[in-house]
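Below is one structure, written out as structure tokens, with a few remarks after it.
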Amino acid sequence: MAVIVLAAGAGTRMKSTTQKTLHSIGGRTLLSHSLHAAAGIDPARIVAVIGHGREQVGPAVAEVAEQLGRSIDTAIQEQQNGTGHAVQCAMEQLEGFEGTVVVTNADVPLLSPETLQELTATHDGASVTVLSVNQDNPTGYGRILRTNDGMVTAIVEEKDATEKQKEITEVNSGVFAFDAAILRDGLAQLNTDNAQGELYLTDVLSIARRAGHPVRAHIASDAAELAGVNDRVQLAAAGAELNRRTVTAAMRGGATIVDPATTWIDVDVQVGQDVTILPGTQLLGTTTIGDNAQIGPDTTLENVKVGEGAQVVRTHGFDSTIGPRAEVGPFTYIRPGTVLGEEGKLGGFVEAKKANIGRGSKVPHLTYVGDATIGEYSNIGASSVFVNYDGVNKHHTTVGSHVRTGSDSMFIAPVVVGDGAYSGAGTVIKEDVPPGALVVSGGKQRNVEGWVAKKRPGTPAAEAGEAAAKRVAEGGSPTSTPQADQE
């Protein structure tokens, strides 16, 4: 079996500098969806016909072929002269091929391998089999013409149809299965005697019928699979339908999705059992979610591996790893190359980039960790910064295990903090810290008495300070603020 995927059209209704089939839904381009479907029936050959934007589409075909681990040939349609001409170009790549040739389109992203398999099963023994679908509104589609006993005789395009024929609701999906020899013979007889002046692939069906060859139609059970994408409105509709199917599959696989309407999951995402996904979550790319994890609300993860039992709240992360039973968020930004270990924590308003954070270590609040390695069971105080950039190069910081650093610590890379070390609040760490040491960088605090009254006279601060000084002189409190009891 061979599959031809037609991807040469201009797609002018997309109004885009990007070729139509390279627009994406569900984490794949339209082209990628169609090539994955083609590969899903395990054909001996796949040929993609490219034309408009081929400098973009050609490399995209090669990329998908690499992802699939198989070869995909390309045929170039220099001038777009109809679907029949496109298939003629493809058949030049299939010289000498015998068997079934399936023809499909790169702008039908929901078409599944299962439907293609049903088509080829119906086709067994026929010369041509068209995949048809019943449409409530068939406007714009080619109509399937049948005899009184139900035999398919022809497909008539909308522009060539009579008013009576336009009332037919069974339409051509643009997907066919052909006997290779019948296809070659039919392509050789095509002409442009039609309203559009093009070579219609659908005319091969009529040619085969007139020659006495059996022609069949397989009516698709799921019309939504065959919805084409020609503009941005249809792109959005196809994306929404694909997402509905993906989200439904995740729920049937054992995940709880609290609000499917606000949850978006790409087709290559893997979601484990007993996962809970809260509203406003996007799982993109090749993200994987381990069993019993909780994701969201308002979380976007792209190419992130999340371990079992992890909790990720109001977080944006990509190209990173979150370990089992780790806690992330809220309002956390995880950048590429970050690995958060088992039972680790990245808390509120923490940003991590190329950070390897060991098992049980915590970065709870308001901290930037960049180009760093942190060992096991360490705690980084609030408002700390790993200062990794000298204006030209990035440098690495290493923090050992069981380290405790005070709030507002600055790690001036490159620097190493040994196991078990402590730092005082506000410490600027410029040099390596020995294991078990306490590092402090500030000198003795100096209070300049009366500075505010002298330098800011007449201000509310000066007046408050003078009043408090009188209270202190009389044995009272230095502050009007009630002081909490100290335990």
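Heads up, the Cβ atoms here are built off N, Cα and C, so glycines get one too.
Annotation comment: Swiss-Prot describes HIS365 as active site, proton acceptor, evidence class sequence analysis. The UDP-N-acetyl-alpha-D-glucosamine binding site annotation in Swiss-Prot covers 6-9, LYS20, GLN77, 82-83, GLY142, GLU157, ASN172, ASN230, ARG335, LYS353, TYR368, ASN379. Residues annotated as Mg(2+) binding site in Swiss-Prot: ASP107, ASN230. Here Swiss-Prot flags ALA382, ASN388, TYR389, SER407, ALA425 as acetyl-CoA binding site. The annotation compositional bias 'Polar residues' is assigned in Swiss-Prot to 477-487. The region 'Pyrophosphorylase' annotation in Swiss-Prot covers 1-232, and the record cites sequence analysis as its basis. What Swiss-Prot lists as region 'Linker' is 233-253. Residues or ranges marked as region 'N-acetyltransferase' by Swiss-Prot: 254-487. The region 'Disordered' annotation in Swiss-Prot covers 453-487.
Within 10 Å of LYS20 (UDP-N-acetyl-alpha-D-glucosamine binding site), as judged by C-alpha distances, the binding-site residues found are ASP107; the full candidate list was ASP107, ASN388, SER407. Away from its own ends, the region 'Linker' (233-253) comes close to residues 14, 23, 25-26, 109-110, 224, 227, 260, 263-267, 269, 271, 273, 275, 277 of its chain (Cβ-Cβ under 8 Å, at least six residues beyond either end). Residue counts for the region 'Linker' (233-253) by DSSP state, with H, G and I taken as helix and E and B as strand, are 20 helix, 0 strand, 1 coil. Most Cβ neighbours within 10 Å, among the binding-site residues TYR368, TYR389: TYR368 holds that distinction in the structure as shown. Checked against ALA382 (acetyl-CoA binding site), the binding-site residues ASP107, GLY142, ARG335 differ in C-alpha distance, with ARG335 being the nearest. Taking only the Cα positions, the spacing between SER407 (acetyl-CoA binding site) and GLY142 (UDP-N-acetyl-alpha-D-glucosamine binding site) is 70 angstrom. For the binding-site residues GLY82, GLY142, the largest tally of other C-beta atoms within 10 A is found at GLY142. Checked against ASP107 (Mg(2+) binding site) by C-alpha proximity, the recorded positions LEU6, GLY142, ASN172, HIS365, TYR389 yield LEU6 as the nearest.
Across the region 'Disordered' (453-487), DSSP classifies residues as 17 helix, 0 strand, 18 coil.
A simple Cβ count within 10 Å picks out one of the recorded positions LYS20, ARG335, HIS365 as the most packed, and that one is LYS20. Cα-Cα distance from ALA8 (UDP-N-acetyl-alpha-D-glucosamine binding site) to ASN230 (Mg(2+) binding site): 13 Å (rounded to the nearest whole number). For GLY82 (UDP-N-acetyl-alpha-D-glucosamine binding site), the spatially nearest entry among the recorded positions HIS365, TYR389, ALA425 is TYR389, judged by CA separation. Using a 10 Å radius centred on the Cβ of ASN172 (UDP-N-acetyl-alpha-D-glucosamine binding site) and all shown protein chains, the other Cβ atoms total 23. The maximal spread of the acetyl-CoA binding site, taken as the longest Cα to Cα distance among ALA382, ASN388, TYR389, SER407, ALA425, is 22 Å. Cβ-based neighbour count (10 Å, all protein chains) for ALA425 (acetyl-CoA binding site) stands at 15.
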